[in-house]
Amino acid sequence: MSKRRFEGSGLRIYTVLYLLFLYAPIILLPLFAFNSGTIIAFPLEGFTMKWFDLMIGNATLRQALFNSLTIAVSASILATCLGIFAARASTRFEFPGKAGIMGFIMLPMVLPEIIVAMSLLVVLLGMGVQLSILTVIVGHTLMCMPYAIAVLSTAFGTLDKSLEEAAYDLGETKWSAFRLVTLPLVMPGIISSLLISFTISLDEFIIAFFLAGNQPTLPTYIFSQLRFPKAIPMIMALGTVLVALSIILLALGEYFRRRGNARIGAKPTGGFL
Amino acid sequence: MAKASWDKEARQGLTLISPPFIYALLVLAAPILTILTYSFLTDGYLTVVRDFTWDNYIYAWTDPIVRMVMLRSLAVSALVTLVTVALAFPVAYYVSFMVRPERKSMWLFLITIPFWTSYLIRVFLWKVILGYNGVINSSLTGLGIIDEPLTFILYNVNSIVLTLAHAYAPFAILPIFIALEKIDRSLLEAGRDLGESKAMTFWRVTLPLAMPGVIAATMIVFIPTIGDYVTPELIGGGKIPMIANLIQVQMLALDDRPKGSALAVSAMLIVAVVCLIFLFLNRRFLKVRQ
């Protein structure tokens, strides 16, 4: 036993170092956000909140935030609704061409985003559609859908079929059984799908960059500011807020996913994907 | 009777799947078919002329700049994939074999968190870490180890590889972890009982059984990295374009949609062919699934 533990320790050290590598950029973020120096470099100068004040007072940033929130809320609701259909179909029914159809719907997960963005842009421009946050919502819904389906399929897949059948036997219709039995049971999955889609959309850059026209979103605003050294400390402050926010959202999503698993008696294994 | 019920089930399933399927057809398949069509048409001033031509593909496959950028993209993403998968395997192995079952999801959560935080900011922070006045250089000069900042660590292919290996880490860890989790632990004991050493058991039992996960990880990392736009733009300083940057320039800056489309279609074709060859070479590992 002790020999085994010794063998594991080398791997353990490696894994911890690897996690440090993964977290290195995120650890640096707050350091520079609260640093009073205007240049992003060591040594740090002093503690300040002025970058956060600057961030709060920035009107373009507020507009970008508002746009991003509108897009993320719309896209996450649309992707989750479409995802519910797909997850239900793939976990409960057998139909011809199932693997092909599901594979095709999941394709945006692996397809380079630039291809999706460019082809969509060409079509929209060809049809004479005015680029706006609406076109970004269309694109983001497509990108979020596979992730929503992945999360929702776990929720629907672990569902005990006999619970629904019991509801039918007790005289519920198909729809009322779905609403009264299935929906409450998969609710945690739906909430974590909404949270994950929201996080993805909020952070998505390529599609927003090409499909938003002249409307800023948070990532495109950040990208436009990265060229100006003077703007960087404020972006660091913004990044700190965003990172804190996504960690909170993810922790919430994970909490709901586990609660959902606990409710249907599944083992708390697996992750987001 | 059985057939009738299957038909009913099939109908229900198809009805249910149709909203997301139609959405994907409209927003994904139709645009890709459009650029496929555009790639055979002629570019006019501000419009696309409906004249069939091979010129765009002749350009995409013979232009020296395109060829250089394409080869660079392939080399960079192959290198990124190799680095990412090689670095990720021990982590997935550790979490699957050494961590107690109830702690596994906590470890996975820790591994996935950085992936969900702003991609742009993470990429930019690597520039901050590696830059001329960056963390590494200012620390090293501050400590008196070097007099002049190191210039070879930013704006080159190595920094692009490092940044992308960081960005795609969870994509490599998760599939390998899932494959390792599926391995029946009694097979490893059988290997030991039959007199194999630990290393040989790993080489002859664990690794072949983990290969489907390694192959999935390779594809999941390779395909998106070849189309990465942000990292060459920020970390490469715009001086080391990859194929995504070239497509964007053709499509928008030069407003030559047929040529841009031909580039995009060619890139997709090349990626598909590379993946098929890779799958073919590894076919024996994919067959052994129980």
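Placement of Cβ uses the backbone N, Cα and C atoms for every residue, glycine included.
Features reported for this protein in TrEMBL:
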- B:21-41: transmembrane segment (TRANSMEM)
- B:70-280: domain 'ABC transmembrane type-1' (DOMAIN)
- B:74-95: transmembrane segment (TRANSMEM)
- B:107-132: transmembrane segment (TRANSMEM)
- B:152-180: transmembrane segment (TRANSMEM)
- B:201-223: transmembrane segment (TRANSMEM)
- B:261-281: transmembrane segment (TRANSMEM)
Contact between the transmembrane segment (B:261-281) and the transmembrane segment (B:152-180) (3 or more Cβ pairs under 8 Å, separation 6+): no
Outside the transmembrane segment (B:201-223), six or more residues from its ends: residues with CB under 8 Å to it: 77-78, 80-81, 84-85, 88-89, 92, 168, 171-180, 182-183, 187-188, 191-192, 271, 274-275, 278-279, 282, 285-286, 288-289
Distal contacts, the transmembrane segment (B:21-41) - CB-CB under 8 A, six or more residues away: 48-54, 56-57, 257-258, 260-262, 264-265
